[in-house]
Amino acid sequence: MQSSGHRFRDVEHHSLLAENDSYDSSSSEADMAERVWFIRDGCGMVCAIMTWLLVVYADFVVTFVMLLPSKDFWYSVINGILFNCLAVLALSSHLRTMLTDPGAVPKGNATKEYMDNLQLKPGEVIYKCPKCCSIKPERAHHCSICKRCIRKMDHHCPWVNNCVGEKNQRFFVLFTMYIALISAHALILCGFQFFSCVRGQWTECSDFSPPVTVILMIFLCLEGFLFLTFTAVMFGTQIHSICNDETEIERLKSEKPTWERRLRWEGMKSVFGGQPSLLWINPFA
């Protein structure tokens with residue numbers, strides 16, 4: 001390695017792969033792009049399923065307990081369309097976050113042939129991850145759950161069963177935003193429903209019995225309050241990180257930036273893509 005004119009730094013002093021080990025980075029990345037990215041983590045899969053079930057539960061209570069029995073036709077139609085559209089956007093954002101490669105570095109690319117192709121400057125230091133045997137780009141960190149090095153890794157979120165990194169941070173931000181919106185909407189509808197039932201007859205404000213209606217709405221209020229608090233804080237944290245061009249891991253480790261930080265507006269455009277438009281909030285784009 002000394003003859004190549006650059007230094008190779010290994011955290012645990014693991015050796016490189018043998019020169020005769022075959023590794024084709026272009027074919028590996030192509031194969032990875034063709035496959036659906038999915039992390040087989042038991043805890044993450046349970047959390048992801050719970051997220052969907054909680055959103056479906058909220059949609060059931062809002063639609064069948066509060067809106068359909070309402071005598072105000074336009075109140076039911078407008079709120080029903082709005083809530084279900086937000087729910088679809090939230091679940092779509094969740095799917096895109098979970099099934100999108102967050103920026104994984106190809107495994108086992110720490111070969112002499114690969115490094116010769118990097119055209120490194122003399123004396124330049126490169127880092128090898130001893131866990132997945134890959135050359136770590138700047139700002140990449142290894143995730144013990146994904147078992148990969150992730151570019152600009154912010155954190156691993158079990159609720160989306162994936163890391164939040166360079167390629168899926170936008171979808172994660174949209175997921176937190178839409179969950180916060182439907183949680184706030186559900187809490188507002190619960191407030192109107194309680195007021196309507198107390199003022200009128202409980203037997204007329206819902207197709208379910210009064211005890212069942214109260215229990216369903218109390219659970220929805222608790223769910224809405226917890227999810228609103230969690231996702232609103234997470235949304236604010238993500239926007240702050242994007243504007244400061246700093247990941248959560250870098251902030252917690254107090255890493256000194258060795259890169260040129262983007263301006264706040266440039267950071268937003270780099271994550272959401274291009275100039276501000278409705279595509280920024282579209283998880284299908």
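Cβ coordinates come from backbone N, Cα and C, glycine included.
What you see is a predicted model, and the numbers here were worked out from it, not measured in a lab.
What TrEMBL records for this protein:
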type     : residues : note
TRANSMEM : 42-67    : transmembrane segment
TRANSMEM : 73-91    : transmembrane segment
DOMAIN   : 128-254  : domain 'Palmitoyltransferase DHHC'
TRANSMEM : 171-194  : transmembrane segment
TRANSMEM : 214-235  : transmembrane segment
For the domain 'Palmitoyltransferase DHHC' (128-254), the averaged pLDDT of the predicted model is 90
Grouping DSSP H, G, I as helix and E, B as strand, the residues of the domain 'Palmitoyltransferase DHHC' (128-254) number 71 helix, 19 strand, 37 coil
